[in-house]
Amino acid sequence: MSKTIAINAGSSSLKWQLYQMPEETVLAKGIIERIGLDDAISTVKFDGRSESQTLSIKDHTVAVKLLLEDLKRFGIISDFSEITGVGHRVVAGGEIFKQSALVTDEVLAQVEELAALAPLHNPANAAGIRAFREILPDITSVVVFDTAFHASMPEVAYRYPLEDKYYTDYQVRKYGAHGTSHFYVAQQAADILGKPLEDLKLITAHIGNGVSLTAVDGGKSVDTSMGFTPLAGPMMGTRSGDIDPAIIPYLVEHVPGLDDAAAVINVLNKESGILGVTGRTNDMRDLEAGVEAGDPKCQLAYDMFADRLKKFIGQYLAVLNGADALVFTAGIGENAANLRAKIVEGLTWFGLDIDPEKNVFGTTGIISTDAARVKVLVVPTDEELVIARDVEALRG
Ligand code: ADP
């Protein structure tokens, strides 16, 4: 009997979930936002309650102290010693980490060095790790990498068509992301389909604010849409996804205020995608409302979003030479039934076909017709559970 906490630290936020293991019961979860500011917000959810407070939180260490104190304050734990493990989500594992690892000084240093590959994420992830090491130094501490599931990609998929030196000397290659989510929903899909994962060809579509698709052959990632960084792939909430790279120097040359490549990349990461095309929102629910109200920019963004997803599914049908199932997951994939229908509408030639009676809001499981050659599934993702399981597995 042990309590394990899964941590997803961002630059100014820290999401957490506390599990009773090995039962995998969620005891509590929460999020601390606006870390670094005087009006940070901490929310704790447990027993059907939601408790929020606004206070000054200087850094991640203070945030971790607060969340542990809150666990005691709300009676979720009576002593810190009940927590025996912590698992940290880390975005970039580079070529070093092909699976989850126990945190050591060396591992922590490597996570920090890999910030070159994920400058927005790895430093924040490392801050979360440091905070826990300082406060609970004796518990099992594990890092779980977003990239690890994609370590099985063949070279033909992960290499860019560039001179060798850019790969060998500069590590420029496709790493992918959202690996824990793709792995989890692939496993769940196999359970739902009642077949061993080893015998299945799946396309997993993680469609949230960030979007990535993966071709999963026999339980292994063989291609994925995020690339050297999470900017690649289909259109996303605020990210452009794939564009012609020649646009970057063109914009630097012609647009006042966009003075260098970094400024353009910032636009491509934070001001593009659904937000860029609509000019007002990055949120699918707002976008759907805009479409409903007849806003032409929203309609265009919606149509583009579906179009890019459909094209990636087409790619992966080719990569896998046909698939057993397409799996929708994450905030949009799990909830936006009309979007799912629109995407699959354009893929019927390939054997996908949605049953409108099954494809309704709130549903999970199979949503394709009985006759469909390629099944379509909705599977809620659970990255935190994968993290908690990896902590257990490495606890020894
Ligand atoms: P993140 O990548 O930040 O983890 P999520 O997986 O939570 O993102 O997905 C966020 C997206 O899910 C938002 O665009 C949001 O509008 C969308 N979403 C959430 N609920 C619904 C819903 N009921 N219908 C349509 N979209 C939804």
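Glycine too: its Cβ is placed from the backbone N, Cα and C atoms.
Pulled from TrEMBL:
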type	residues	note
ACT_SITE	Asp146	active site, proton donor/acceptor
BINDING	Asn8, Glu383	Mg(2+) binding site
BINDING	Lys15, His206, Ile207, Gly208, Asn209, Gly210, Asp283, Met284, Arg285, Gly331, Ile332, Gly333, Glu334, Asn335	ATP binding site
BINDING	Arg89	substrate binding site
SITE	His178	site 'Transition state stabilizer'
SITE	Arg239	site 'Transition state stabilizer'
Those recorded positions of Asn8, Asp146, Arg239, Glu383 having Cα within 10 angstroms of Lys15 (ATP binding site): Asn8
Integer Cα-Cα distance in angstrom, Ile332 (ATP binding site) to His178 (site 'Transition state stabilizer'): 15
Of Asn8, Arg239, Glu334, recorded positions neighbouring ligand 1, Cβ under 6 A: none
Among Arg89, His178, Arg285, which are recorded positions, the residue with the most C-beta atoms within 10 angstroms of its C-beta: His178
Number of Cβ atoms other than its own within 10 Å, given for Asp283 (ATP binding site): 16
Candidates Arg89, His178, Asn209, Asp283, Glu334, Glu383 (recorded positions) with Cα within 10 Å of Arg239 (site 'Transition state stabilizer'): Asn209
Of Arg89, Asp283, Arg285, Glu334, i.e. the binding-site residues, those within 10 Å of Asn8 (Mg(2+) binding site) when Cα atoms are compared: Arg89
Set of same-chain residues at least 6 away whose C-beta sits under 8 angstroms from Asn209 (ATP binding site): Met236, Gly237, Thr238, Asn282, Gly331
Euclidean distance between Cα atoms of His178 (site 'Transition state stabilizer') and Glu334 (ATP binding site), Å: 15
Ile332 (ATP binding site) in three-state DSSP notation: helix
Secondary structure of Ile207 (ATP binding site) (DSSP, helix/strand/coil): strand
Same chain, 6+ residues apart, C-beta under 8 Å of the C-beta of Glu383 (Mg(2+) binding site), given in sequence order: Ala6, Asn8, Arg89, Thr180, Ser181, Tyr184
C-alpha spacing of Asp283 (ATP binding site) relative to His178 (site 'Transition state stabilizer'), in angstrom: 19
Which of Asp146, Glu334, all recorded positions, has a Cβ with the fewest other Cβ atoms inside 10 Å: Glu334
Assigned conformation of Arg285 (ATP binding site) - DSSP reduced to three states: helix
